[in-house]
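S.K.: Copied straight from TrEMBL:
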type	residues	note
REPEAT	1-27	repeat 'WD'
REPEAT	81-122	repeat 'WD'
REPEAT	291-332	repeat 'WD'
Amino acid sequence: MSVVLATGGYDHTIRFWEAPSGKCTRIIKFTDSQLNRLEITPDKQFIAAAGNSIIRVYEILSNQSNTLPQTDPVQQPALTIDGHTANVTSIGFQQEGRFLYSGSEDGTVKVWDLRNPKYCRSFDAGSAVNSVTLRTDREEFISGDANGFVKIWDFGGKGCINSLNPSSGSSGDRRSKSAFEGNIAIQAVDISEDSRTLVAVGNHGTVYAWDPSGGGAAASSTAQHYDQEQLTEADIRIVSVLRPITKFSAFLPGQYCLHAKIAPDCRHLVTTGSNGTAKLWDTATWELTQTLPNEKWVWDAAFCADSSYLVTASSDHVARLWNLRTGDVVRQYRGHQSAVTCVALNDSNA
């Protein structure tokens, strides 16, 4: 399989697509709930589907129909992961596919050994977890939660090793604090594949970016820009680990961020939102480079392996393939009966 493209939505279906033609080749019924997230294993053998409190892992079959879509209404999952007690909002696989990690509105980040349906690690974030990402050069997870915190978790068992609320003022923001500002939910977190850029996006659209390498003269210089009287010992430790790069608003007042992702080539950040757009931001200058218009809310987006194409998932029931060199829609994937809320794409050669 050279390309695996799948979408999921409020119609309780997972649809697989022939990417070049736009033809739907297979449908799996996900009867548990709406689909919140999809993730494909690095070897393209399995797809994980996250819904309300449950994760199901299905085999990706290679003998898909070449004519009409093949519907598998009763296909049994290869693995059912049942351990969360609320919506599962984020999932991902470790690079070798040995374990799966997840975040949930039940306030936990969990790690699952795929040989056993029971979690092997569980971390309590203290509030609903909206997003989780894996730092590949270290055994660390990064989460964003409804209380506005970005937290770094040690996979080895030390728990939360760093915690930061960027909207509260401790990240160097000199605005006056308020109860509202201190609780702006973090909707998305992601770290670049080279581990040099970490981003968090609040649900009102503020983008925060850090250099997570930290340390040394860079961190000392950055610390001078903080209000030293407000810095706690924990804040000083954060400064030494996360060096602020920039902060900007990706959305207008009254609009909401729904997802954000750094491209595999680390050169762009995509943000999607309630204004019906996916926006591309240059991670060197943090300038807006492209705006990709959809008809309704854009819930999710996925880059291809070389970062030249992007697939968006929208409330208008359509997923779209965009050529990022031209900004044009190359293909539209139609067939969902309600909002398309998640998309997964794996076209890597690995």
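In case you wondered, yes, glycine gets a Cβ from its N, Cα and C as well.
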S.K.: Can you tell me which parts of the same chain pack against the repeat 'WD' (291-332), counting only residues 6+ beyond its ends and a CB-CB cutoff under 8 A?
M.R.: 5, 7, 9, 17, 19-22, 37, 258-259, 261, 263-265, 267-268, 270, 272-274, 276-280, 338-349
S.K.: What is the number of residues in the repeat 'WD' (81-122) that are helix, strand and coil, as DSSP sees it?
M.R.: 0 helix, 29 strand, 13 coil
